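Novice: Got a structure here, written out as structure tokens. Questions coming.
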Amino acid sequence: MNAFEIRGGNKLSGSITPQGAKNEALQVLCAVLLTDAPVTLKNVPDIIDVNTLIELLEDMGVKVSRPVPNTVVLQADGIDPDYFNTHAFKKKSGKLRGTVMLAGPMLARFKKAYIPQPGGDKIGRRRLDTHILGFEKMGVAFDYDQENQMFSLNGTNLHGARILMEEPSVTGTANLLMAAVLAEGMTTIYNAACEPYVQQLCLMLNSMGAKITGISSNLLIVEGVKTLGGCTHTLLADMIEVGSFIGLAAMTQSELTIKNVNLESLGIIPDVFKRLGIDLSINGDDIYVPAQDHYRITKFIDGSILTVYDHPWPGFTPDLISIMLVVATQAKGTVLIHQKMFESRLFFVDKLIEMGAQIVLCDPHRAVVIGLDKQQSLRGINMVSPDIRAGVALLIAALSATGKSTIQNIHQIDRGYERIDERLNALGADIKRI
Ligand SMILES: CC(=O)N[C@H]1[C@@H](OP(=O)(O)OP(=O)(O)OC[C@H]2O[C@@H](n3ccc(=O)[nH]c3=O)[C@H](O)[C@@H]2O)O[C@H](CO)[C@@H](O)[C@@H]1O
Ligand SMILES: C=C(OP(=O)(O)O)C(=O)O
């Protein structure tokens, strides 16, 4: 059952609540290694990447229980640090990106760590230099085994340090923070990523007894403490799901209410959808998207063609660029979509072109989309999901298209979206898992 069969053209309606955030879950799950006390995480999404990380934590000795759906209690009081140097660890950790963030807490608590080649989306080069160079500043010695693509890290001399990251890497910031909270002395992390999920990690660590200031800025100041205790932490709504649902409503001319979106943490996401002409309104913590027959892409104030591009927070997240691109295919007007961070994330547009979309792929980073203005529907085809967000973009395209589409390799979608077929079918979609 690794494919979706979709009959497109249905208008959807109703309310949908976003799952807890995938990328926050991966950070806060790694943070449980920082204490031997129980940590309760609420609103944890039931998705492949998160479940694989939880399994991996269990494999290394963390006690795990799930008292109610989407709540996980974890206690890292019996860790086997040598498990990290095993083939089993290497194999499982290679299944997702988030495992890279086990290194920071391992260094902090056990003074050694291993980072095998992490998995996750194959969307371009995803180097780890920001992580490793930051650890090095904190006194960590490292060795890179080219043949096995494995970093071995020795944190015997771990200490606080002044770190200026060469780019605001999200997982890099999380990793350095988690090493710093238990390192002796002060650590400053400048040019830190400051997106809501990093802020959430900081708040969680502080509730465990850490001393972090500068939260939500790009200068984090950490005063190391000796030990951390347990806590209860609730994850934010997944902002990428929120954006995916806005895009889905626009493409399928559906009226949808997206509930409990944590509006404050969405940054400019709603405004960027409005730039594409999508009418949405805010009602408390819900976003209401009316059924729209047409939406018109705005221009820049000087009349030039709109560009939608990604940028580290508080800029627009790269994880919604594929969704913006698909939504633009049925808008009125033209937009340049510029995926700056990742060089292999736009190739899925071939499939959209095959479905009838008007797109010129200028180079691996840029595509010009000339919207069809709903004059002509996309047509259903067979396709393969190359990565998590392109997969959902193709799913949205298929739901708007006439006829039947098949999407293979939906494992990619299930990595990050909880029961997406069931949840969308409840709104009127026709998606079968085959
Ligand atoms: C598990 C997890 O949380 N994954 C997210 C995390 O990945 P991850 O933490 O791996 O991504 P990074 O923030 O390290 O960087 C992503 C890519 O962008 C490049 N880069 C980054 C910053 C910058 O100013 N300029 C630049 O070009 C990097 O070289 C890298 O190729 O953050 C990415 C960027 O928001 C998201 O797409 C991923 O979904
Ligand atoms: C790129 C993503 O995930 P990962 O970093 O886990 O591959 C994503 O969530 O869009």
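Glycine is treated like the rest: Cβ placed from N, Cα and C.
Okay, these came from TrEMBL:
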DOMAIN    7-424  domain 'Enolpyruvate transferase'
BINDING   Lys22, Asn23  phosphoenolpyruvate binding site
BINDING   Arg97, Asp319, Met341  UDP-N-acetyl-alpha-D-glucosamine binding site
ACT_SITE  Asp121  active site, proton donor
Novice: Can you tell which of Lys22, Arg97 has the most other C-beta atoms within 10 Å, given these are the binding-site residues?
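Specialist: Result of the Cβ crowding comparison: Lys22.
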Novice: In sequence order, which same-chain residues at least six apart have a C-beta under 8 angstroms from Asp121 (active site, proton donor)?
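Specialist: Non-local contacts for Asp121 (active site, proton donor): Arg97, Arg345, Asp387, Ile388, Arg389, Gln412.
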Novice: Using the recorded UDP-N-acetyl-alpha-D-glucosamine site (Arg97, Asp319, Met341) as reference, state which further residues of the same chain have their Cβ within 8 Å of the centre of those residues' Cβ atoms, listed in sequence order.
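Specialist: Surrounding the site, in chain order, are Gly120, Asp121, Ile123, Arg126, Val170, Pro318, Phe342.
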Novice: Would you give the longest CA-CA distance, in whole angstrom, between residues of Arg97, Asp319, Met341, the set recorded as binding UDP-N-acetyl-alpha-D-glucosamine?
Specialist: 16
Novice: Using C-alpha atoms only, work out the spacing between Asp319 (UDP-N-acetyl-alpha-D-glucosamine binding site) and Lys22 (phosphoenolpyruvate binding site) and round it to an integer in Å.
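Specialist: Checking the Cα atoms of Asp319 (UDP-N-acetyl-alpha-D-glucosamine binding site) and Lys22 (phosphoenolpyruvate binding site) gives a distance of 12 Å.
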Novice: Starting from the Cβ of Asn23 (phosphoenolpyruvate binding site), draw a 10 Å sphere and report how many other Cβ atoms land inside it.
Specialist: 25
Novice: Lys22, Arg97, Asp121: which of these recorded positions put a Cβ within less than 6 Å of any ligand 1 atom?
Specialist: Arg97
Novice: Write down the Cα-Cα distance for Met341 (UDP-N-acetyl-alpha-D-glucosamine binding site) and Lys22 (phosphoenolpyruvate binding site), rounded and given in Å.
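Specialist: For Lys22 (phosphoenolpyruvate binding site) versus Met341 (UDP-N-acetyl-alpha-D-glucosamine binding site), the Cα atoms are 19 Å apart.
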